[in-house]
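Per Swiss-Prot, these features apply:
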{"type": "REGION", "residues": "1-30", "note": "region 'Disordered'"}
{"type": "COMPBIAS", "residues": "1-12", "note": "compositional bias 'Polar residues'"}
{"type": "MOTIF", "residues": "49-77", "note": "motif 'Q motif'"}
{"type": "BINDING", "residues": "A93, K94, T95, G96, S97, G98, K99, T100", "note": "ATP binding site"}
{"type": "MOTIF", "residues": "202-205", "note": "motif 'DEAD box'"}
{"type": "DOMAIN", "residues": "280-439", "note": "domain 'Helicase C-terminal'"}
{"type": "REGION", "residues": "494-545", "note": "region 'Disordered'"}
{"type": "REGION", "residues": "563-625", "note": "region 'Disordered'"}
{"type": "REGION", "residues": "702-823", "note": "region 'Disordered'"}
{"type": "COMPBIAS", "residues": "714-723", "note": "compositional bias 'Basic residues'"}
Amino acid sequence: MAPTTGPRNTKNAKPAVQRSKTLKRKRGQEELSSLIQRVEGLDLKESFESFSDLPLSEPTLSGLTSSHFKTLTDIQSRAISHALKGRDVLGAAKTGSGKTLAFLVPVLENLYRRQWAEHDGLGALILSPTRELAIQIFEVLRKIGRYHTFSAGLVIGGKSLREEQERLGRMNILVCTPGRMLQHLDQTALFDTYNLQMLVLDEADRILDLGFQQTVDAIVGHLPKERQTLLFSATQTKKVSDLARLSLRDPEYVAVHETASTATPAKLQQHYVIAPLPQKLDILWSFIRSNLKSKTMVFFSSGKQVRFVYESFRHMQPGIPLMHLHGRQKQGGRLDIMTNFSQAKHCVLFSTDVAARGLDFPAVDWVIQMDCPEDADTYIHRVGRTARYGRDGRAVLFLDPSEEEGMLKRLEQKKVPIEKINIKANKQQSIKDQLQNMCFKDPELKYIGQKAFISYVKSVYIQKDKEIFKLKELKLDEFASSLGLPGAPRIKFIKGDDTKQRKNAPRAAAHLSSDDEAGSDAEEGEPKTKKKEEPQVRTKYDRMFERRNQDVLAEHYSKLINDDGTMVAPPNAGAGADADEDDDFLSVKRRFDVGDETLGMSSDDSDEEDDDDDETSPKKETKVVHIDGKEALVIDSKRREKLLKSKKKLLKFKGKGTKLVYDDEGNAHEVYELEDEDQFKARGDAKEQKAKFLEEEAERTRLADLEDKEIAKQKRREKKEKRKARERELLAEAEDEEETVVQLPPYEGDHDMDGGFSASEEEEEAARPSKKPKVKFAEPDESDKGSEPWYKKSKRTDDKGGSQAPQIQTLEDLESLASGLLG
């Protein structure tokens, strides 16, 4: 038997658990106080080499160790110590130097030392200029903060706003983009930032520029002023206005590479190529074909260019995977592209500046800048996608000859070393003919190419640095031809300067220039006056014939350019031109109303009369049409004038129609004609009229029945006569088809002594064919006279006895039949 156990002492177990919790809480308080003392005694001038040298909490150190972060970079060593002390920091370092950890570690530590919990609200807010960078920051935060008890959230566009609103009030750390954050601050009722401790701006110079200025100012207005602010970027701003907007308090500027000879990583090889605008795509195609075993990023100025180059190169199949990334894509697709490009070994990514800042793509070999960046800072961020964390990298910048001098001057001011290289002409391949062929076959690709051309020209036009971007020196017609387009699309804003000149020009000069442009019309003495065309009334039939495909071949596509370089006129313009041509033949010179006194007048008299009318009556009389059953219809618009041509629409302006019936005398009466009460009473009592009406109706019904019966009887009689006539016709046809029986001529030939046929007759008998002719019918025998016809007898025999009479074909058959009948 198993030993019996006594009752458990529950009274002693509960205090033991309480004592362990108390000891654990006490030990945690001691560690926290020790950590606070270490932070307060931290020497800011001291250099640190590893994370373990810093006064960090155990959960943070465990997360860093699990994520394989051990050694500190220069920016991390200097910025983390200042941030742990609670100071505002402006951090500037080269791309790929580890700025993300430089602000994430202080965020975790400062909240940990304050014993931040879920109910304390939002403690840290991290702003990022792009969604991709926000996602990357959030992933790093999850890795190093896995052992903390904080709740962190990612708030970016492209996701459900309601789901974010439900969870936002429980978050301690938020990584977000400015636009979505401001939306929650304005619309989410339970979201409050009164207890915010830290504000972090990654890529601060981009967030503080004109693109995010109003949004960031609105966000800062919702935040408390007593907070710690951290700003990090590869190209940090020092503007007093920007720093004042964020309410920085004696910020510490940490620029670890300020004294360095270059602003870019040391292992980054930077080159530029003089590539005329029409030859850029040829050079890019040749480069991709020559580097199929590398990982390349290609930057463009606009998303339309990215899409056009991706679609066209994808059809030509260069032999390497192609991807494209721009801001117009859905958030899920952008994440998939980022993941696939990060995992790929050999790939080409066409992108806009959405991927130029902060994104960490591993092992990028080449960074190609097809279009000149807007400034040197953008160039630094673009080339920063390669040569990260001490790796090798190469960057190539394509410059038009008009952009070379100004861009090199800007790069020199930023300490960017760059060398010029030349392209071997024998290795350059032209893809102009292929692009033209694809644009001819695929109208959608042609449309994308036109949009790419327009977006590039706009991006050059809006640039502020006119020393670099000189729009008038670009060969736009040749550039459009290199894209495969039949001509350069017209862009309105290019003529902005000419518009200003025309506006400021004297009116006399403008009048003279307009007279010169009039040409032959002015010489013929016809004054050229411009009148605003009134919009024509378009019916549903006009819309039906003007209907077009609802794809990219819409009206705005056809307006871009014709193949001959002229603008495409709107649909109504063509219709009006055709109408003008048609009016030249049999056009109405003048319309006369009924009773017009000028109908018989000559042209001169009528002209004089018109002049008098114009002087006396300044207003044109309104046409009025009188319609039966309704009030007059006033024709005061073209729509009302077209209304007269539609019978269906005129029905509502007319009275209700009446249907008439005519009696035997030809008098018209309505279908349902009612009589007065006096007329009804004059004909007698109502009961008598009722009885009389029933008698009349009964008599009328009886007569109608007799007539119907006679008609039915006549129809049956006619049907019977037709049937008998048909039988007689069939019998006559049967008699006509009967054939007479063949009778042999009397025998006259010689015969032998035995009474048989001679030898010649036997030979003739043997020579007869074996098949005998058919005889369908035979003549009746003499013995059958007075009896039934033979064909009836045979038919009756067949019906009763089931045996059919033998068919008579020859004389022997007839004799055998006769002998059988005779007995």
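Glycine is treated like the rest: Cβ placed from N, Cα and C.
Of the listed binding-site residues G96, G98, the Cβ environment within 10 Å is emptiest of other Cβ atoms at G98.
Annotation: T95 carries the greatest number of neighbouring Cβ atoms among the binding-site residues T95, S97, T100 [cut-off 10 Å, Cβ to Cβ]. K99 (ATP binding site) carries a helical DSSP state (H, G or I). Taking Cβ-Cβ distances under 8 Å and a sequence separation of 6 or more, the neighbours of K94 (ATP binding site) in its chain are A234, H257, A260, A263, T264, P265, G384. Take the mean position of the Cβ atoms of A93, K94, T95, G96, S97, G98, K99, T100, the recorded ATP site; other residues of that chain with a Cβ within 8 Å of it are T73, I75, A234, R388. A simple way to gauge crowding: the CB of A93 (ATP binding site) has 24 other CB atoms within 10 angstroms, across all the protein chains here. Every protein chain considered, the tally of other Cβ atoms within 10 Å of the Cβ of K99 (ATP binding site) stands at 24.
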